[in-house]
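**Student:** First the structure, which I've put down as structure tokens, then a few questions once you've had a look.
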Amino acid sequence: MENYLQGCRAALQESRPIHVVLGNEACDLDSMVSALALAFYLAKTTEAEEVFVPVLNIKRSELPLRGDNVFFLQKIHIPESVLIFRDEIDLHALHQAGQLTLILVDHHVLPKSDAALEEAVAEVLDHRPIDQRHCPPCHVSVELVGSCATLVAERILQGAPEILDRQTAALLHGTILLDCVNMDLKIGKATLKDSHYVEKLEALFPDLPSRNDIFDSLQKAKFDVSGLTTEQMLRKDQKTISRQGTKVAISAIYMDMEAFLQRSGLLADLRAFCQAHSYDALVAMTIFFNTYNEPVRQLAVFCPHAALRMTICGILEHSHSPPLKLTPVPSSHPDLQAYLQGNTQISRKKVLPLLQEALSAYFDSTNIPLGQPETEGVSREQVDKELDRAGNSLLSGLSQDEEEPPLPPTPMNSLVDECPLDQGLPKFSAEVIFEKCSQISLSEPTTASLSKK
């Protein structure tokens with residue numbers, strides 16, 4: 001693997017068509033390893049002299065924010081210097097020159113900034129449900145497993161097992177274990193395919209580290225934020241939503257909320273972070289594991305705009321689908337509201353739609369401008385009235401299917417983004433039940449006549 005990666009960097013100096021294997025913008029361990037291993041496989045199995053280059057979809061300066069990535073690269077003895085990052089290759093220039101073919105791994109929707117590259121996408125390999133509205137018109141291979149690295153391991157072991165070296169096997173093995181929470185049946189993130197390929201890798205390379213050792217090491221590295229500034233912690237695992245120019249950042253924080261709130265100069269850091277990136281609000285969702293290795297979740301909303309902050313807090317506090325079961329924590333600062341989250345199965349993935357609806361409800365119910373943090377002439381009673389209208393607008397706008405999704409969730413590759421089987425069983429409408437009963441009643445006479453014969 002290391003020799004291959006060194007060759008990739010050299011290939012970029014040549015003016016020739018290249019195939020770029022591109023991971024997602026989060027560049028978590030699964031995305032990074034899947035891109036590296038899939039590009040390695042394609043380069044080794046393609047007869048023509050084509051160049052396959054894995055690209056990590058972040059700036060090089062952002063890699064230190066991903067502690068598990070840095071730790072694993074060091075453990076596997078892959079120097080960071082041989083990796084290629086998004087700010088080191090101009091994909092748009094290559095595309096305009098007709099020299100780019102894209103292969104997307106661990107995602108299938110390009111961001112708006114890369115929309116022009118969609119016509120260069122030749123293949124997709126992903127492990128999450130397809131968004132048909134934005135999926136590129138190309139060969140798409142999707143299977144709902146716990147880790148995308150499992151699908152890459154499958155392709156290698158089925159297509160060319162002889163090319164698999166210990167270094168690549170160790171990368172795949174550790175990544176699957178981390179994504180699938182050490183194959184813990186109680187967590188339920190690992191599918192049969194995930195388990196199968198972990199066992200296959202262990203059989204081929206018996207000297208791989210024990211499951212417990214590598215999982216514990218990777219999880220510790222992932223949750224280690226001791227050396228990060230507040231800004232780095234907020235950027236480490238962040239998503240952004242927006243509506244009508246209003247932007248809300250949602251950051252996963254890997255530590256106890258109490259410790260996070262006690263950081264020196266925190267409020268100034270939060271304000272500076274929002275101003276630097278033009279965020280109108282920031283939602284911090286903390287996750288850590290207690291002494292019983294159970295996940296603990298907490299949540300905080302920082303927003304200098306009173307009406308927007310109260311709308312967001314009200315929607316989150318009163319949400320029943322999903323129920324966050326929030327308990328407010330007293331705060332001495334009016335711009336910040338923290339909560340204990342009683343329902344630990346509700347991850348950021350489930351909170352994002354609530355925040356989208358909160359923004360919609362806010363704009364539907366009030367014309368209060370966001371130009372200033374506090375709007376003069378707006379009383380608390382007026383804000384409360386607007387909040388009630390926003391909440392009613394949201395609740396009335398939710399369809400039955402939105403309140404209770406019809407299928408259990410797909411296992412994802414991070415505890416931050418998904419927990420297993422927390423949406424309940426499929427729900428039938430009255431029309432569906434009536435149709436089923438009608439079909440049964442129509443079939444009964446036929447069945448009866450046949451029995452008489």
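The backbone N, Cα and C atoms fix where each Cβ goes, and this holds for glycine too.
The Mn(2+) 1 binding site annotation in Swiss-Prot covers Asp28, Asp106. Look at Swiss-Prot and you will find Asp30, Asp106, Asp179 tagged as Mn(2+) 2 binding site, backed by similarity to another entry. The N-acetylmethionine feature in Swiss-Prot is assigned to Met1; the stated evidence is similarity to another entry. The annotation phosphoserine is assigned in Swiss-Prot to Ser399, Ser414. Annotated phosphothreonine per Swiss-Prot: Thr410, in sequence order. For 393-420, the entry in Swiss-Prot reads region 'Essential for homodimerization', with the evidence type similarity to another entry. Marked as region 'Disordered' by Swiss-Prot: 396-419.
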**Student:** Just give me the nearest neighbour of Asp106 (Mn(2+) 1 binding site) among the recorded positions Met1, Asp30, Asp179, Cα to Cα.
**Tutor:** Asp30
**Student:** Which whole-number value in Å describes the distance between the Cα atoms of Asp28 (Mn(2+) 1 binding site) and the residue listed as 'N-acetylmethionine'?
**Tutor:** 19
**Student:** In which DSSP state, out of helix, strand and coil, do we find Asp106 (Mn(2+) 1 binding site)?
**Tutor:** coil
**Student:** On the three-state reduction of DSSP, what should I expect for the residue listed as 'N-acetylmethionine'?
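**Tutor:** DSSP assigns the residue listed as 'N-acetylmethionine' to coil.
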**Student:** In sequence order, which residues at least six apart in the same chain have a CB under 8 Å from the CB of the residue listed as 'N-acetylmethionine'?
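**Tutor:** Non-local contacts for the residue listed as 'N-acetylmethionine': Leu36, Ala37, Phe40, Ile78, Asp165, Gln167, Thr168, Leu171.
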**Student:** Around the C-beta of Asp179 (Mn(2+) 2 binding site), how many further C-beta atoms are within 10 angstroms, looking at every protein chain?
**Tutor:** 28
**Student:** Of these binding-site residues, Asp28, Asp30, Asp106, which scores lowest on Cβ atoms within 10 Å?
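**Tutor:** So among Asp28, Asp30, Asp106, the binding-site residues given, the one with the fewest Cβ atoms within 10 Å is Asp28.
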